[in-house]
Protein chains: 4
Amino acid sequence: MSASQFGSRFVITSFGESHGTALGVVIDGCPAGVRFDSEILKKELERRRPGHHGSGQIVSGRQEADAPEVLSGVFEEKTLGTPIAIIVRNQDARSQDYKEIKNSPRAGHADDMWRNKFGHSDHRGGGRSSGRETVSRVMAGAVAQMLLKETSPKTRVMGYASQIGPFSLTPDERVQVPSKNIDSFQARFPSNRDVEVAELLKSAQESGDSYGGVAEILIENPPAYLGQPVFHKLKSDLAQAFLSVGATNGFELGLGFESAEVKGTEFHQGTQEAYGGIRGGISTGESILLKVSFKPTSSILDVAKKGRHDPCIVTRAIPVLEAMTWLVLADHWLWSKTDRI
Amino acid sequence: MSASQFGSRFVITSFGESHGTALGVVIDGCPAGVRFDSEILKKELERRRPGHHGSGQIVSGRQEADAPEVLSGVFEEKTLGTPIAIIVRNQDARSQDYKEIKNSPRAGHADDMWRNKFGHSDHRGGGRSSGRETVSRVMAGAVAQMLLKETSPKTRVMGYASQIGPFSLTPDERVQVPSKNIDSFQARFPSNRDVEVAELLKSAQESGDSYGGVAEILIENPPAYLGQPVFHKLKSDLAQAFLSVGATNGFELGLGFESAEVKGTEFHQGTQEAYGGIRGGISTGESILLKVSFKPTSSILDVAKKGRHDPCIVTRAIPVLEAMTWLVLADHWLWSKTDRI
Amino acid sequence: MSASQFGSRFVITSFGESHGTALGVVIDGCPAGVRFDSEILKKELERRRPGHHGSGQIVSGRQEADAPEVLSGVFEEKTLGTPIAIIVRNQDARSQDYKEIKNSPRAGHADDMWRNKFGHSDHRGGGRSSGRETVSRVMAGAVAQMLLKETSPKTRVMGYASQIGPFSLTPDERVQVPSKNIDSFQARFPSNRDVEVAELLKSAQESGDSYGGVAEILIENPPAYLGQPVFHKLKSDLAQAFLSVGATNGFELGLGFESAEVKGTEFHQGTQEAYGGIRGGISTGESILLKVSFKPTSSILDVAKKGRHDPCIVTRAIPVLEAMTWLVLADHWLWSKTDRI
Amino acid sequence: MSASQFGSRFVITSFGESHGTALGVVIDGCPAGVRFDSEILKKELERRRPGHHGSGQIVSGRQEADAPEVLSGVFEEKTLGTPIAIIVRNQDARSQDYKEIKNSPRAGHADDMWRNKFGHSDHRGGGRSSGRETVSRVMAGAVAQMLLKETSPKTRVMGYASQIGPFSLTPDERVQVPSKNIDSFQARFPSNRDVEVAELLKSAQESGDSYGGVAEILIENPPAYLGQPVFHKLKSDLAQAFLSVGATNGFELGLGFESAEVKGTEFHQGTQEAYGGIRGGISTGESILLKVSFKPTSSILDVAKKGRHDPCIVTRAIPVLEAMTWLVLADHWLWSKTDRI
C-alpha cells in the first residue's frame, strides 16, 4: 500500500501537483466490459468546478477547463480490464500569486508541514496539499460509478451540505432532501435559506474570513453485505476515505455522537436511521447515512487573500465525498465476489 | 491488503473466533532489535479484561486468564525482525449460553449480517464479530508500544471516557485528565461522579438496557511529521483504525463537528486544540486529541441477557483504542523513515 | 506487502523460527464454505517429513510429530471466510547441536547474512532461514488445495525429482511420470535407478558432501485464464513462489533455457510442451510444466555435520514446491473472479 | 497489490495499450530529495528503441520518438516525495497493419488469451500484451537508477546477450564483458561474432523466422543485505520481475541449473560465481549474476509479417531487464531502511 493509493480491489493511484503539469489517476482492478460513459466523467468534473453547479459564484475563482483525457484502459467505449489512466492538464496556474508564500507559509495550512517532512516542496498553490488534488479522486469516482451503474443500478449516492457555519438544515428540510436537486442550490445547502447562506459566504470572502460546515452523504439502495471484517468494515473504509479529504475533522455513521445519549432500548427499537444502514461493519442494503465535518478554510491571512480560496469548503467538497463513496462501494463490491465459493 | 490485516509497514494480521480454539495476531514488519517487554504485553491484556482496571464489576462477566504465548519473532528478549506471532487460548467459552442464538439472531447485532454474507458462521458468542477479537489488537498494540518506547520515549497515549450515557466530563475535569490515573476510575470516566456512572450502568445491566458513550484518546508528544499524503494522512488512518472497532459510529479530530460553527478567524488564532495536533494530515509534534463515539450495546433482548455483555462498551474499549493508536503511530513512524534520502 | 506474506487474494503470512516455540501460518482471504479436509493437511505435512514418503532414510534425521493445530477460521468442518490460523509446535529442537554455530557461521549458509542484516538472530538451527519454515507453506498449500479440489476438481499438481546430482530422468522415464506413484521412490526420482540415487546420497551424507538437483512440477488440468497482466503473470508469480524456497537458483517454464536454441518455426509448431501451458502469462488450460533447480546443500562443513541436514534438498522440497503451486493457483483463481463484470 | 503494480516500497503502476493514446507509469514511494536527471530517463528510453543502440537495424521497424513527459512529483529537478507520473504518447500507431489480426489471432501470442480472459480486448498491436508496454518499465527503472546513483553510487547494472539462437559467448568473451561497451554491439552480444549474429537475425526476419536467446544481468557492487525473508528474498523478487517480461521462460541465479551437477564440496569452495552474490536470499555485496531465457518471438506467421516484430527479442529486452533490476534494487534498498531500529 503506497501513500497515494486507495482501495484493495478497485485500486487507484492519484498523482499531480496543483501547479504542476497535470493531475491524474490510474485505476487498476476495474473489471473488463464496463461501459465507459464519458458523460459521467465530464459531468462529475464539472460539478467539482467552482461556481458551476448553481448560478452563484461563492467559491474560489480558479477556472480550469478540466478536460479529462483518457490515456488507457478503454477501447470502443468499454473497459479492457487493464489500468485506466485519466489526466487533466493544469492550464490556469497563477503561481505568481503564490510566490511570496514560499517564505511565509499560511497559518494552519499544510504547506509548512509538507516542507518540513519532505525537506523539499512545491510551494506553488499548495502543491499536492491543494484541494486541486481532488480532481483525481473525482475522475476515479466517476469510473467507480460506471461500474456500480451496471452492477447495482438502483444505488444512488447523494451529497449535500447540512450545515454551513451557523446555518443548519431543519428537520423538515432534511426529510425533503432526497427529492431535491442539490446542485440547484448555490451552496448545495438544500433549503430556501440558501440565499442567506450564499450572502454570508460572500461577505466572509470579502472580509477574509471563512466557515466550517457539515456535509452528509446518503447512499440509497446500496448493495447488501459489503464490508470485510475486521479491519475493512464498510464504516472504517468510509471513514478513512472521508478523512483523507483536506479540512475534514469528523465522521459520523447514522446517529454518530448523538447516540451516546440514547438508551439502548430506544436506539435499537429505532429505525435504520440510528445505525445508519451498516451493522457489524457490513451494509444491510438499507440506506446509509454519513456525516463529515469540515474546519473553516485556513487561507484567511493577508498573503493568501490574493490566492483564490473558498470561504467554506463544504460546497465544493461534496462531489469529492461522493466520489470517495463510489470508490469504497466499487472496491467492496468487487471484494464481496469472493466471500464464498 | 487482506480483510484482517492492518497497517502498511508495521503490518498485523488478526485471527480467531470468540469461542474457537485461540485468538492471535502476527506482526510482520517490526524491526529487529526492539526490546520485547513482556510486562507491557501482560499489563495491556490485563487492562482489557472486564472489571480488572478498577475495583468495580460493571462489565460483562467473562473471565479469561488471557495468558499470552509468544510463538515466534522474539529471541533473548529482543525482536528478530521476523514475524511475531502471539496467541491467547480461549478457556472460558460458555458456548452453551449462545446456542439458542443460532436461530434467533440478536437485534442490531453483527451475527445475522455475517451469516448472510458468508453463508456460514460460527454462531457461538458472535464468532469473530465478538468484542473478544480485540484481544489480538491489544497484543499487537503492546508490541507497537514497545517500538515507540525506544524510538520516541516521551510519547504517551492516554484514553478515557469523556461521556457515558447522560454523563459528560465538565470543562474542569477535562483539564485535569492528563494528571489522572484513569484506570482507578471504575468506568474510566475521570470524574468524582464516577460512582454515579457505575451505578447507572449496574442498573442498566440489571434491566437489560445499555448506553452509548464517547472515548477520547490524547497523544502527548507524538513524533512530528507522521502521516502520508494523500490517502494515508495520519487522521485518515486513525479514523479507519477506530471505526474498525465494533460499536463505534463517530470520529473527531480536535474540535471536530463543533468547528462547523466557529469562524475561521477564531479557529485559526486558536490553539492546537482546535485542529487537534494534525495539520495537512501530518502530525505537528503537538498533542493530538481524538474522540470516538459508541452506540449503545446491542445485546439487550431476552435471548442475549444470558450472554455476558456490557451495559456500556466505552470503558472496555479504551485499551483497544489505545492499542489501535500505537499501531498507527508505529506504522507511520516506520513509514517516515523513507520520506527523504 | 510484508516480508513473510505471499499472495494477493489468498494471502498467507508465515511465522516461526526453526527452534522457537512453534511454526505457523495465517491464511486471510479463503472464501467461506470450503470443506476443510484435515486429512489433506495431515497427509501433506507427513509427506514433507524426512524419510517418510518412501522406505529409505536418506534425509536429515530430525523427527517432528508435526501435529497441526487449527486455531481459527474453521467451524463444523467448513471455512468461515475468516482468517485460518494453523500451527505446529517444535518438539525436537536439538539446539544443543547448533550452539557452536553461534560464533562460526556455516559457509554459504544464510545464518551470517541474517545476523548482519538484522543485527540480531536466532542462531539455533538457522532460525527462520531453516528449511523448517516450509512447514508453514505446506499447511497453507493444503488449504489452497482444498479450495481447488472444490472449484476445479480435475486439477492435479505433481512434483518429482528429474535430476539428482549426476542422475537425470531418461526421455522414457519422463513420459511415464504421470502414471507413477512418486512417493514410492526413495528420492522421489521416478526411475528404477532410484536405489542407486539413494546410495549416492547416503554415501554423500557420510562423507559430508551434498548434491544439487532439479525438481519438476506438472500441473494437469489447471483452470484456464489464470494470471494477471502485466506484473502478476502466472509465470512470474510461480517464479517468485519457487525462488522464495531456500537453495533454489533456477526456474524454467516449458522448454526454458533450451528454447534459446530452437528456431521459432519449430518452437511454435511444437506442442504445448514448448511453451509449458502458459501463454501471454495466462494459463491456457493445458498442462503446465515447471522446473526448479537447487544448489547443493550448504551444511557440509565439520561444525554442521552434527546438525541434521540433507545430502540433497530436492526430495524434501517437492511437497513444498507443490504447496507453493497450490497457493499460486488459489490466489489466481480468486483473482480471476473479478476479471469481468 | 494490483495487477499492473510492482514493488512494495518503491511502488510502480504501469498503464497503456500499444496503440492507445499513451503509455505511462506512476511511481509512488520514491523519497523526496532525489536529483531528477532527465538525461538518464531520455538515454534509457533511447536505448530501448529499436535499432538505436548500435549501427544496425535488426529489430522491429517501429519508430517512436518516445519523448517522455513528467507530469508530477518533480520540482526544481528534485523529487518531491509525491507520486512521479511519466508518460509517452503513441505517435506511430500503424493499427492498420493489425486490423486483420482481430479475427485471426497470432499463434502462440497473448492476443487470444487476453480476449478470452477479459471478453474484450484491444486487438491493435497486441494492446497491452505488446512489448511496447515495457516503455513504462524503462521509465520507472530510470528513476530507480537515479535513487541508487545517490545512495549507492558504485552500483552498476549491466545487461547483455550471452546467447542468441545457436551463438553463445565463449568463456573468454564472458570474462571480458565488464570492460565492453555493450551497446556498441548490434545485437548486444559482446563478441567479434556480433556481425554474424546480426546477419543470422536479418535472414530470419526475411524468412519469417525467429530465435530465442539468453540475456544476462550483472550487478556490480550492489548494496549488501538487500532482500526480505522469506517471500521477498532478493532472488524471488528478481525472478518475478524478469518473468513478468514477455517471452521469458527461464531464470537463473549464479550457476543455476548447472549447479545440479556439481558436488557441494566443489560448489561451496567455489567463488561468488557459484551462488551468484545472493545467499539466504540476501545480497552479500558481491557481484550478482542473473540469466534470463527467452523463447523465439511468436509473430512469425503470414498475417503478422506485416506487423513489425523482432527476429530475436533478447537484444531489445536488455534495457527492460536492467530497468526491472534497478526497480528491485530501489525497492529493497528502501525496505532495508527499517530492518532494525
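From the backbone N, Cα and C atoms, a Cβ is placed for every residue, glycine too.
Please treat TrEMBL annotations as automatic predictions, because they have not gone through curation.
What TrEMBL records for D:ARG48 is NADP(+) binding site. Feature annotation from TrEMBL assigns region 'Disordered' to D:103-134. TrEMBL lists D:ARG128, D:SER129, D:SER130, D:GLY280, D:LYS295, D:PRO296, D:THR297, D:SER298, D:SER299, D:ARG308 with the feature FMN binding site.
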* **Around the Cβ of D:SER130 (FMN binding site), the count of other Cβ atoms that are within 10 Å** => 25
* Asked: Distance between D:SER130 (FMN binding site) and D:ARG48 (NADP(+) binding site) at the Cα atoms, whole Å?
  -> 14
* Just name the binding-site residues among D:ARG48, D:ARG128, D:LYS295, D:THR297 whose Cβ comes within less than 8 Å of a chain A Cβ; none is a fine answer. => D:ARG128
* Asked: To the nearest whole angstrom, what is the C-alpha distance linking D:LYS295 (FMN binding site) and D:ARG48 (NADP(+) binding site)?
  -> 19
* **D:ARG128 (FMN binding site) to D:ARG48 (NADP(+) binding site) - Cα separation in whole Å** => 17
* Going through the binding-site residues D:ARG48, D:ARG128, D:LYS295 in order, which have a C-beta under 8 angstroms from some C-beta of chain C? -> D:ARG128, D:LYS295
* Would you kindly give the Cα-Cα distance separating D:ARG48 (NADP(+) binding site) and D:THR297 (FMN binding site), rounded to the nearest Å? => 17
* According to DSSP, which of helix, strand or coil covers D:ARG48 (NADP(+) binding site)? -> helix
